[in-house]
Amino acid sequence: MKLFIPALLFLGTLGLCLAAPKKGVRWCVISTAEYSKCRQWQSKIRRTNPMFCIRRASPTDCIRAIAAKRADAVTLDGGLVFEADQYKLRPVAAEIYGTEENPQTYYYAVAVVKKGFNFQLNQLQGRKSCHTGLGRSAGWNIPIGLLRRFLDWAGPPEPLQKAVAKFFSQSCVPCADGNAYPNLCQLCIGKGKDKCACSSQEPYFGYSGAFNCLHKGIGDVAFVKESTVFENLPQKADRDKYELLCPDNTRKPVEAFRECHLARVPSHAVVARSVNGKENSIWELLYQSQKKFGKSNPQEFQLFGSPGQQKDLLFRDATIGFLKIPSKIDSKLYLGLPYLTAIQGLRETAAEVEARQAKVVWCAVGPEELRKCRQWSSQSSQNLNCSLASTTEDCIVQVLKGEADAMSLDGGFIYTAGKCGLVPVLAENQKSRQSSSSDCVHRPTQGYFAVAVVRKANGGITWNSVRGTKSCHTAVDRTAGWNIPMGLLVNQTGSCKFDEFFSQSCAPGSQPGSNLCALCVGNDQGVDKCVPNSNERYYGYTGAFRCLAENAGDVAFVKDVTVLDNTNGQNTEEWARELRSDDFELLCLDGTRKPVTEAQNCHLAVAPSHAVVSRKEKAAQVEQVLLTEQAQFGRYGKDCPDKFCLFRSETKNLLFNDNTEVLAQLQGKTTYEKYLGSEYVTAIANLKQCSVSPLLEACAFMMR
């Protein structure tokens, strides 16, 4: 523990100011017992990390206090983390459970019953139930989500509490509306106004409270977490009197929670305001407190312990440490799509759930892609919708959250998406110059050549002398425009100082004002300079070539067909109208130059084709929709060009590459590693060591 937990706690502390903040962190508590523990904590840590204790009546009241800047932090269960998102709060630190050898930032939601009764999970109607609290993960959202199909509930606007009150004969659901639905509070035993209270003032509140409701024979089933039985019954002989209800309508011993649980749930998290939330001060408070008062350092005051008969005050007693949550992660990313879907299912009608599942949402990067996507949607006979993001990474995040379902990505971003758990669905096969057949959905993808293009008149530049010239890139993290050329240069120089390779550059997605953005021009009004979308005129393959053609740069990193697609009358835009392909040449790795038609013999690397990506559970639906759309609007589709063409753009390469012949099936390459190939994956992994990607950092946290 002494080695492990400090290492976890140190994660993300680089650059953190270790000095005590001028104003302390105000911690929100919800009961007399929590307030007492908080005051002890305050007195023990005040010399290094001043803090204050703010009392409110419920977790929701704490959320509101933090949003109103009357408090700064509170620990919440996943269901309340979701609620906090609506108040613009985000999780900043996750509780770590388990052991030093097997740490985890999740727990299992389980349904516990006593042995000797033969009912199963699908036979709970009319039983007496014990819950941790309304809107909480293990005690409400997960079990009620699973039981929804058994409820007499059509969905909003009818209250869900009303349906649950009719389903169980009696319950204790702390935080429920006992006046409107007395059955939900019938089993609770708090005195007076504390009956069914949303805090430990109600004895059956929380995990241990719900279990005691079962243990004392008040209820028939308790919805808690996997460790609750172990924490309350340390003797195996006592635990053996209980069992778990499994989703397959069987029962298993309480030790079998990994095989018999209702869901895996993200651990409790400390939340703060998304903006001006004192995140660094909160983390430093947790970091110092865990070192001094954690389980590896026995003291009179224990941060992860509760005095007397109390349980889980401020933090879960089972916590062994904290893990800093990357700044890119908001509440929805933290909770994950399966949990978000479960919560959504409790807030929608059956028809709304079905409609949401039936549609496919395509993510468009920038306004030009959105315009094309909407044209596509208006012509499509399928349930196709569009969402907008400013960057490719933001689109990936939308797909992760379920706000979008698919998009087509270059190989560099396929790597990023794959690291985040997304999968390739269909590949963009380039238009074949050897065949005009439309029967190529099953043709294996061959990729394309990443090339370095220069003006023929600029004869002094070779690959060996390219350093110090002015460069034009498609965008940061894209294959031909960034990953391949910069990877080669890193290998040659041993340096990760990208902004020193070239005298000036346009690499959309770089830090604004940096050398890597010096050549970028933004849109026609000079706005959005260096943004990684079509608002930047030098973005993408065509944009990078335009940067070269307009004499802004000396070398453009693009793909083999880019010059041919934009010269000799192929691009009628004013800037390209008079361009000729023989005015440009390719730089070869051996220091020679060749005509742009000889990319096969003069290229930097073979790059994997662009591909459509989606979530694994949505991939089959996305594939079916796209193959149907392709038959109608593809290069050989019956309604292209009369109504709409997938592979044509008013500018260039919107949604898909314009030279795509067909979206082809993957021939078994259904993971990002298989699709990209081990050589490319290794090369990108090595290049990523040169810089920190907030999205990859976030995905590493989520995939842990």
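From the backbone N, Cα and C atoms, a Cβ is placed for every residue, glycine too.
A disulfide bond in Swiss-Prot ties Cys130 to one cysteine from Cys28, Cys38, Cys213, and that cysteine is Cys213. Going through Tyr181, Tyr204, Tyr207 against Swiss-Prot, the one listed in the Fe(3+) 1 site together with Asp77, Tyr107, His268 turns out to be Tyr207.
Site annotation (Swiss-Prot, ligand Fe(3+) 2) includes Asp410, Tyr448, His610; from Tyr541, Tyr636, Tyr672, the additional listed residue is Tyr541. For Cys395, the disulfide partner named by Swiss-Prot among Cys363, Cys373, Cys420, Cys440 is Cys363. Tyr541 (Fe(3+) 2 binding site) falls within a helix when secondary structure is assigned with DSSP. Among the recorded positions Arg136, Cys373, Cys547, the residue whose Cα lies closest in space to that of Cys130 (disulfide bond) is Arg136. Using a 10 Å Cα-Cα cut-off from Tyr541 (Fe(3+) 2 binding site), the recorded positions that qualify among Cys386, Thr474, Ala480, Cys690 are Thr474, Ala480. In sequence order, Asp410, Gly412, Ala450, His473, Ala475, Thr479, Trp482, Asn483, Gly540, Tyr541, Ala544, Phe557, Val558, Lys559 are the residues of the same chain, not among Thr474, Arg478, Ala480, Gly481, whose CB sits within 8 A of the CB centroid for the hydrogencarbonate 2 site. For Gly139 (hydrogencarbonate 1 binding site), other Cβ atoms within 10 Å of its Cβ number 31. Of all Cβ atoms in the protein chains displayed, 19 besides its own lie within 10 Å of the Cβ of Cys588 (disulfide bond). Distance noted between the C-alpha atoms of Arg478 (hydrogencarbonate 2 binding site) and Asp410 (Fe(3+) 2 binding site) is 6 Å. Spatially, by CA atoms, the recorded positions Cys188, Cys386, Cys472, Cys588, His610 include one closest to Cys53 (disulfide bond), and that is Cys188.
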